[in-house]
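Asker: When I checked Swiss-Prot for this same protein, it listed these features:
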ACT_SITE  365  active site, proton donor
ACT_SITE  396  active site
ACT_SITE  522  active site
């Protein structure tokens, strides 16, 4: 059990009778072909619409009994109360004693939410106003570099949530861009990305955004230091000063204003984060500045509005018709009860190319835990291994394993129904879009039913002479269809997955808002780096010592 700021103590789903009933149900053999054969209304029963998003989960290995027990399981851990605690600013991040109020970042200005006597909504909209002012200065050409030229390129330097979120969103919404200012992203600490990028940029017209919640992330600050050196090398030739370079070519986004100032970020160019915003939930905050620069503030506000619409649905819809709740419960059923320990995200839309990477971080960093909120070791499976790729590329990469391998894998198919303008009907581009949709539906069908069941349903005779051509089927999947990809629908889609993560964490009784598993490696890297600089032999394990010795011999 865990205590929130309002001293609410929640029940554990693990010890409810519904958990045991689901374990019993999971022991039965599940056949998707049989489930569809038994009920010709199955798809209508296991599908629903929420705003511009349609979800078909009929190809999951569930029936009415499983769904009823999953919903009862959610009630047994007081999921409704947990959702309200999240939305109202209770201390749901128990290990760090913080709220997790990413949903407040998309509340309308007319709303009010108090946290420690402070009106969070007022603070959020003050920050959004600053984002708007800075982004419009860049977009309009009034922001000038040290030589007086307008900014043509913006480089977002960040890692994790400070990189993946803005990168995913700007890529997805690039056709909404209404500026000639290009936006780039750098995250890798080895300098390769930055070095390759700087070769093609003009230092006099390049602006850098340093995004780091702590403003102490070594990956980010090492790239920022290199960027500063690159700028200063040109500024000296143009009689520019270091102060003018820092002032005209850097914006900082962090929860640590003191460190931003110490680095040299001008106070007017510092954007605030709050401790109650987790990195992987932060694209809605000032971290989204790169998005606002690329698609404009009106587009960014539509992104926020789409997410808020999903927040409302999550908070108000009955669980049986609640898309995030159902998506989360199905994920728990697959991972914990059916032992489906791998999950893949398959968007059939090139604009969503970074969505799988974004969701990999969102789910695995949030729910990759083995201890409950009250410190007990977990005796059940939690977050599956998650990966993904654009569907058409994945078909030529790992679909072989999905169709004919030995691993059980659950899948999310994501596609957009409408693409291109009405004037583009029956053009080659429109035909390509229809071909992509056809592949999306076809692949989910083959994964679900295999060649034997499909042949039978189509009135054909299945041939089993060539065993190597056998498609076993019975791979569970959910299909999510957006009416079309817009800032609003993308916001709703991202928020859907955020809430899915929270539902799963609530059932598993884990904290999805911390990430202690990333800390020790970073700390150890400091010791290893120190050892690299010293002449004497390192004092680690024999493998690490030998690797260091080899590196030193070649350096």
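We count from 1, first residue shown onward.
The backbone N, Cα and C atoms fix where each Cβ goes, and this holds for glycine too.
As the structure is a computational prediction, the values presented were derived from the model and not from experiment.
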Asker: Provide, as an integer number of angstrom, the distance between the C-alpha atoms of residue 396 (active site) and residue 365 (active site, proton donor).
Answerer: 28
Asker: Using a Cβ-Cβ cut-off under 8 angstroms and a sequence gap of six or more, which residues of the chain neighbour residue 365 (active site, proton donor)?
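Answerer: Counting only residues 6 or more apart in sequence, the Cβ neighbours of residue 365 (active site, proton donor) under 8 Å are 160, 280, 515, 518.
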Asker: Including all protein chains displayed, how many Cβ atoms other than that of residue 396 (active site) lie within 10 Å of its Cβ?
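Answerer: For residue 396 (active site), the 10 Å Cβ neighbour count is 9.
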Asker: Across all the protein chains here, work out how many other Cβ atoms are within 10 Å of the Cβ of residue 522 (active site).
Answerer: 11
